[in-house]
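Trainee: There's a structure below that I have some questions on.
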Amino acid sequence: MTKYALVGDVGGTNARLALCDIDTGEISQAKTYSGLDYPSLEAVVRVYLDEHQVGVEDGCIAIACPITGDWVAMTNHTWAFSIAEMKKNLGFAHLEIINDFTAVSMAIPMLKPEHLIQFGGAEPVEGKPIAVYGAGTGLGVSHLVHVDKRWISLPGEGGHVDFAPNSEEEGIILHELRAELGHVSAERVLSGPGLVYLYRAIVKSDNRLPENLQPKDITERALADSCTDCRRALSLFCVIMGRFGGNLALNLGTFGGVYIAGGIVPRFLEFFKASGFRGGFEDKGRFKSYVQDIPVYLIVHDNPGLLGSGAHLRQTLGQYL
């Protein structure tokens, strides 16, 4: 008889829940709920379990915020809860709450070739460290290492490292953003809001007044080639994505590959392919040869957060991935 676990991927707006086959890792019965409609995460879980009538005693839910202890307070939502109390209330034997990019990193061993698009480099080296990052509402970062037949995710807040420009144009961007924001992290330029900041900085550096644009507006105008400033912003975004990925590769020697997740890049995939992304990735001066063979992949799986939550839980329960 198939045994299922509950898996989830929770952001600031929506909570996506599903069932995971503990033996195979297969994800099924996925459903998305609006977080605005429920007073707590536990309430959403109860609705899902009532709707599906499956006996579940184990769960793993990925959440877009730092997980540092039993108390979880979402940074982009009003939900806050005790993991131990929620586990007790639901009657679960196991309940894991993990960072969203921990989940994405744990999905990588489960991905198939059709879930990936490669951008340069050679083949990944088996057993070597892996980096994963992705731009969305913010900039998520994680690493993955293989130790004693187990995958270990190394979570952190790498998106908040300093923005490190490496060209005259990028230096001008930093100057403009520092005047507006004070501290300028990588996330301030590599995210949806970051694309807007890039556009604004480009326009303001030319002593002009920027329009009040949303990330979608900038992307659409760039792809239509109807706005030079928007196209420059999107081009710069791609190059800086490359530089940041190359930095991750250097930090941990990620010869197992660098993986890009998040919802932004797939929206302009052809533009990204033709951009200066790979050039930015390899632009490491004396260490260019070190990163040249490291492959970069774009994850095109529909929901790596659910897949990775399931993988994390299965490994916790003693399975080998």
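Cβ from N, Cα, C; glycine included.
Sequence annotations record features per position, and here Swiss-Prot assigns ATP binding site to GLY8, ASP9, VAL10, GLY11, GLY12, THR13 based on sequence analysis.
Distances, neighbours, how buried they are, the whole picture for these features please.
Mentor: On its own chain, ASP9 (ATP binding site) has ALA15, ARG16, ILE61, ALA62, ASP100, ALA103, ASN303, GLY305, LEU306, SER309 as residues at least 6 apart in sequence with a Cβ closer than 8 Å to its own Cβ.
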Trainee: Under 8 Å between C-beta atoms and at least six apart in sequence, can you list the same-chain neighbours of THR13 (ATP binding site), or say none if there are none?
Mentor: SER34, GLY35, LEU36
Trainee: Would you identify the secondary structure of GLY8 (ATP binding site) according to DSSP, in three states?
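Mentor: Its secondary structure by DSSP: strand.
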Trainee: Within 8 Å of the Cβ centroid of the ATP site residues GLY8, ASP9, VAL10, GLY11, GLY12, THR13, which other residues of the same chain have their Cβ?
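Mentor: In sequence order, the nearby non-listed residues are ASN14, ALA15, ARG16, GLY35, ILE63, ALA64, ASP100.
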Trainee: Return the count of C-beta atoms lying within 10 angstroms of the C-beta of GLY12 (ATP binding site), excluding that atom itself.
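Mentor: So the number of other Cβ atoms within 10 Å of GLY12 (ATP binding site) is 16.
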Trainee: So which of the binding-site residues is most packed in, judged by how many other Cβ atoms lie within 10 Å of its Cβ, out of GLY8, GLY11?
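Mentor: The most densely surrounded of these binding-site residues is GLY8.
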Trainee: Which residues of the same chain, at least 6 positions away in sequence, have a Cβ lying under 8 Å from the Cβ of VAL10 (ATP binding site)?
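Mentor: Looking at Cβ-Cβ distances below 8 Å from VAL10 (ATP binding site), excluding near sequence neighbours, one finds ARG16, GLY35, LEU41, ILE61, ALA62, ILE63, ALA64, MET74, ASP100.
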